[in-house]
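**Q** The structure's right below; bear with me while I get my questions together.
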Amino acid sequence: MNIVILGTQWGDEGKGKIVDMLTEDVAAVVRFQGGHNAGHTLIIDGEKTILRLIPSGILREGVLCLIGNGVVLSPPALMEEIEELNAKGIPVTEQLRISSACNLLLPYHVALDKAREAELGTKAIGTTGRGIGPAYEDKVARRGIRAMDLLHPDQLLEKIKKATAYHNIQLEHYYHQTPLDYQSIYNQLMEFREKIKPMIGDVSALLGNLRRQNKHIIFEGAQGSLLDIDLGTYPYVTSSNTTAGSAATGSGFGPLYFDRVLGITKAYVTRVGAGPFPTELTNEEGKKMAKRGNEFGSVTGRPRRCGWFDVISMRRTIQINSLTGIVLTKLDVLDEFAKIHLCTAYRCDGEVVNEPPFDQSLLESCEPVYEEMPGWQTSTYGLTDYSEMPKEARNYISRLEELLGVPITIISTGPDRKHTIVRQAVFNQVITAKG
């Protein structure tokens, strides 16, 4: 069975924990888009591990971790991650494979990203400044440097020289920044080449072989669906397609080979950076939500904006991803709220609407229409049995399923992989729940 697991909001939904939990039964985990601009936090037996590029299956012995062609790969970020994992005794090089068609994220991409955000000032998009957007620009413009280019040093030098000269024009004459030296970039890549050369290969062919052996594969998304470059809250989006269709194009795996699409969603909503957020709470409730949820970016450390669950945006996410199941995370964050609110419609320019507008100026003016439910005000932290959950919490989950039309198959009640209620089996999971 082949399953896509992705975020349904603006990222930070808890994908890493769920992927890690499910990898017990899989042969491979695949990253298919994004870069090191988002982190997946895993907590196993109290020990925290943050992954940025390497798939979340790396903590399971024998699970292949594949970086697909849709990822933009920062060599220094990858090496730092490998070293951190090696220090914990994890044999990364034995499990990790990198698509030869994967584009590399290089120093001029980072320099351009930072220069652009600085120029925009108060109108900045709120990127992480890690070069993701410029790296994807080079890919689309067909001037990108790919992992396979590392295998041909002479050709690589010429490509780096041309690309650096091209980007230095913008850096020096438009943004008034110091130009970069192509030789130093090349030298860094040569050091990187020696370390990862054995891991470069044909990920698409490898996935095909696993499929023919009827092995289980997880395709792990980064960021969230509302940050999709085409279908998200443009221009306040990331630079890649974060929706289910990207799992095929970003890995070289045929779209008809996917069996399920699981969407990870918090029991509330968070967002980092600028952009419209209809249910955002700027009052004490929002501060309480952020504090209880420890809502700070795992990579950037930036505080996340918090708000009530948005049924309207979630329905859009379900539609564009063809979700077959929902994983509800961080339910325990809501434990101390006397009242829970669900946004069931928007009021835009005096009209009640049930679809999120693509017009961002209109979306920014939308106000949430709320349905109020009683809170449970008792701890759900660490529960593993659905029948032990407070009645009000079960009512909240049932109402979500009713409004969304998709079953909530897994509920996360804490950060550890053990803090989980599985209501519907995925692969051959032996953890089951009553109720």
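Cβ atoms here come from the backbone N, Cα and C positions, even for glycine.
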**Q** Looking at Swiss-Prot, which one out of Thr49, Thr233, Thr238, Thr317 binds IMP in the same site as Asp12, Glu13, Gly14, Lys15, Asn37, Ala38, Gly39, His40, Thr128, Arg142, Gln223, Arg302?
**A** Thr238
**Q** Given the recorded positions Asp12, Gly14, Asn37, Gly39, Gln223, find the one whose Cα is closest in space to the Cα of Pro303 (substrate binding site).
**A** Asp12
**Q** I want to verify one value. Collapsing DSSP to three states, which class is Leu331 (GTP binding site)?
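**A** The residue in question, Leu331 (GTP binding site), is helix (DSSP, three-state).
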**Q** Measuring Cα to Cα, how many angstrom lie between Gly14 (GTP binding site) and His40 (active site, proton donor)?
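**A** Cα-Cα, rounded: 7 Å.
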